[in-house]
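As given in Swiss-Prot:
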type: BINDING; residues: Gly28, Pro29, Ser30, Ala31, Val32, Gly33, Lys34, Ser35; note: ATP binding site
type: COMPBIAS; residues: 7-19; note: compositional bias 'Basic and acidic residues'
type: COMPBIAS; residues: 212-223; note: compositional bias 'Polar residues'
type: DOMAIN; residues: 21-201; note: domain 'Guanylate kinase-like'
type: REGION; residues: 1-22; note: region 'Disordered'
type: REGION; residues: 204-223; note: region 'Disordered'
Amino acid sequence: MTADGGPDVRHGTRPEPSGDGRVVVLSGPSAVGKSTVVRCLRERVPNLHFSVSATTRAPRPGEVDGVDYHFVSPARFQQLIDEGALLEWAEIHSGLHRSGTLAAPVRAAVARGCPVLIEVDLAGARAVKKAMPEALTVFLAPPSWEDLEARLIGRGTETPEVIARRLQTARVEMAAQHDFDRVVVNSRLESACAELVSLLVGTAPDRHDTSGRTGRQTTSHPD
């Protein structure tokens, strides 16, 4: 689940049984290029299942139910929580709305042997990993802190206050990157995407180190 703002409370559900499909959980700070990388992966992995979040907020102009989000009522979302139907969920903007990752579509894709990509924030990645220990968590990192600052400021879409808040959150996220199974440095889109494709389709080394994750790092070098 890609949150629209910082979650106030993050919740998970009971562990899910493993299957044949590989599940990659992608996270990283704002402006690191997650959306661009996700688009690349969806183009290159034809049978990829990209997890679409459920949310209680109203659709924005141009958003399509089932494509951008599964838009549900607060009552229905609570029912999903009660049924244990979410891998993770969060309360956004002090409980203004809730968003979460539906377990059933992920489970079905795994059963079909399809690779699954879930894009979530740091807390969401931890919750999914707890619910699905066999999932591979991947942190998409910038080449440097200065590069991340430049990307965030260069977008020109946020106020200085919002930028400062996002950078503060990014510092926390960057400090936690070695908690992930893999770290991919997004220096160049082509290399970062190729590395993630190999993780999704199973051509990369073992999913995770059962003796204790060290956050194996792969740097996408510029040409």
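For all residues, glycine too, the Cβ spot is worked out from N, Cα and C.
All features noted in Swiss-Prot, drawn onto the structure.
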residue : record           : Cβ neighbours (10 Å)
Gly28   : ATP binding site : 27
Pro29   : ATP binding site : 26
Ser30   : ATP binding site : 19
Ala31   : ATP binding site : 23
Val32   : ATP binding site : 26
Gly33   : ATP binding site : 18
Lys34   : ATP binding site : 18
Ser35   : ATP binding site : 11
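What surrounds the ATP site, by Cβ distance within 8 Å of the Cβ centroid and not counting Gly28, Pro29, Ser30, Ala31, Val32, Gly33, Lys34, Ser35, is the set Leu140, Pro142, Arg151, Asn186 from the same chain.
Annotation note: Ser35 (ATP binding site) sits in a helical segment as assigned by DSSP.
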